[in-house]
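Report on the following structure.
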Amino acid sequence: MLQISHLYADYGGKPALEDINLTLESGELLVVLGPSGCGKTTLLNLIAGFVPYQHGSIQLAGKGIQGPGAERGVVFQNEGLLPWRNVQDNVAFGLQLAGVEKMQRLEIAHQMVKKVGLEGAEKRYIWQLSGGQRQRVGIARALAANPQLLLLDEPFGALDAFTRDQIQTLLLKLWQETGKQVLLITHDIEEAVFMATELVLLSPGPGRVLERLPLNFARRFVAGESSRSIKSDPQFIAMREYVLSRVFEQREAFS
């Protein structure tokens, strides 16, 4: 379980997050949404251990987070892949740094590449891939070390609508298969409502938890209902419009 208690953090000498309290259980998909400047990415960087926080605590499985660790896998918006390595070697890179024996890490990489639908592309270089394929590689690399927690920082933002829908579907299927804790940062309201088992709305200046919304649309999808059916459901549309209104309220209040 991820547990964040009374978290305060600064960014560039200014308060970025104030009194953040969140929990994320195994098998849950927590989505964090809010207007620009609300501290979404700062929160993810704190959980990943990339930057320090000033007060409060962040614990994963009862252990405090003080820096990066293999128990947390991160998928970045710009993928963060190595262009001089092929798909297989990018996926295996973290395992190589961890000292995993070559044959073992290549076998794990092969399984992860297959899991994200890129089987047969192992020897292709990153510059030969589409945006959606690169994000699949990023997800495979993050999962290769079998982390307890998967963190994703607006990973679909640069993708076209069709590809974004494909990668959303892939992520939900992987979430169901692995049972991992997943935390997703996004600015896309429909994406947030569709994918979250709990949606956290942040307000800006500094970032605070405005509202927490338990949702079941992601569970309906992994149970077999189509995304088109879910997104045309009046309940989904009503929730999307409610969340949109809340985000606009915050943006207007702090503009």
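Just so you know, glycine gets a Cβ as well, placed from its N, Cα and C.
According to Swiss-Prot, the domain 'ABC transporter' annotation covers 2-229. The annotation ATP binding site is assigned in Swiss-Prot to Gly34, Pro35, Ser36, Gly37, Cys38, Gly39, Lys40, Thr41.
Once Cβ contacts within 10 Å are tallied over all protein chains shown, the binding-site residues Gly34, Pro35 are led by Gly34. Apart from Gly34, Pro35, Ser36, Gly37, Cys38, Gly39, Lys40, Thr41, the residues listed for ATP, the same chain places the Cβ atoms of Leu202, Pro204, Gly207 within 8 Å of the centroid of those Cβ atoms. Confidence in the domain 'ABC transporter' (2-229), given as mean pLDDT, stands at 92. Around the Cβ of Gly39 (ATP binding site), the same chain contributes Ala9, Tyr11, Ala16, Leu17, Leu202, Pro204, Pro206, Gly207, each under 8 angstroms and 6 or more positions distant in sequence.
Its own atom aside, the Cβ of Gly37 (ATP binding site) has 18 Cβ atoms within 10 angstroms in the protein chains shown. The Cβ of Cys38 (ATP binding site) lies under 8 Å from the Cβ of Leu202, Ser203, Pro204, Gly205, Gly207, Gln250, each of these being in the same chain and 6 or more residues away along the sequence.
Ranking the binding-site residues Ser36, Lys40, Thr41 by the number of CB atoms within 10 A of their own CB puts Lys40 at the top.
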